[in-house]
Amino acid sequence: MRVFFKQIHLTVEFLAYDEALGTTLVALSLFGACIVLSVTIVYRMHRDTALVKANDRGLSFLIQLSLVITLLTSFLFAGKPKEWSCQIRQVTLALGFSLCLSCILGKTFALLLTYRGSKLKAAEKHDHISMQSFHQKLLVLISMIIEVCICTAYLTCIPPYVYKNMEFQNVKIILECNEGSIEFLCTMFGFDVFLAVLCFITAFIARKLPDNFNEAKFITFGMLVFFIVWISFVPAYLSTRGKFKVVVEIFAILASSFGLLGCIFLPKCYIILLKPERNTEEIMSVCNCDMKLLYNNYRKKLKN
């Protein structure tokens, strides 16, 4: 008796660079990175103006760097999954958002102290003048050290790997990345969520600070966009299969990055490029959130 086996050719599915969807997402990623670099050039050319110097320009450059990193992580999610790309893509994304959110937190915390300090008496005000540029950068450094430790433990204990998924379709092999430890992954991005919540709370409180360009208002709106995108991402990600899961994640990365870019930097670029008469020390003096400068201005008013 002869037994004949029918040969079945299985196709491999992943989000390729050369297909329309992959090309579009990668192009949007490059476009966003170019916009961020353009903003960086504008900031560099006008680095000595009042608006750029307000609330630590160094943090602004770090935020721009982190947005470039998060936008370019789309290249790691698209294409054929490999061991190295599976291991670094989520880590790179988490570190990029940690850098971005910790820098924003440094800005909003300084704005919050300015808002609270403006309500105090002169004798008490000096005790609140502690959030200098060094302390803002120290906050960023501590946040990044915590995130790096979490990412290192994640890659050391249960690293991601390439997985050939045949559970949902018998005629296709879905080539994807198995993220390894879900607990470590949730901890890694949970810390980013924690930073985002702190950013929103501090910015929301400091939005009432009276000045001619209150950055907290734009940061508050940017964090709302960030939350809306990622809250919408969770059900969409869980309800998709195959390469469309990668598409949903890339779309969330691009949307949240573009949202932060547009809300935080575009209003400033508008004033720098189109309204230069508003970019002066006299007009922007109140919005300069250096606590020491605010205190000196307050003392001058008391003498007068």
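A Cβ is built for glycine as well, from the same backbone N, Cα and C atoms used for every other residue.
Noted in TrEMBL for the protein shown:
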- 21-282: domain 'G-protein coupled receptors family 3 profile' (DOMAIN)
- 20-46: transmembrane segment (TRANSMEM)
- 58-79: transmembrane segment (TRANSMEM)
- 91-117: transmembrane segment (TRANSMEM)
- 138-162: transmembrane segment (TRANSMEM)
- 182-206: transmembrane segment (TRANSMEM)
- 218-238: transmembrane segment (TRANSMEM)
- 250-274: transmembrane segment (TRANSMEM)
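Against the transmembrane segment (182-206), stretch 138-162 shows more Cβ pairs under 8 Å than any other of 20-46, 138-162, 250-274. Here the transmembrane segment (138-162) touches the transmembrane segment (91-117). Their Cβ atoms form 3 or more pairs under 8 Å, with each pair 6 or more residues apart.
Within its own chain, the transmembrane segment (218-238) has Cβ neighbours under 8 Å at 104, 107-108, 196, 199-200, 203-204, 207, 245, 248-249, 252, 255-256, 259-260, 262-264, 267, counting only residues six or more beyond its boundaries.
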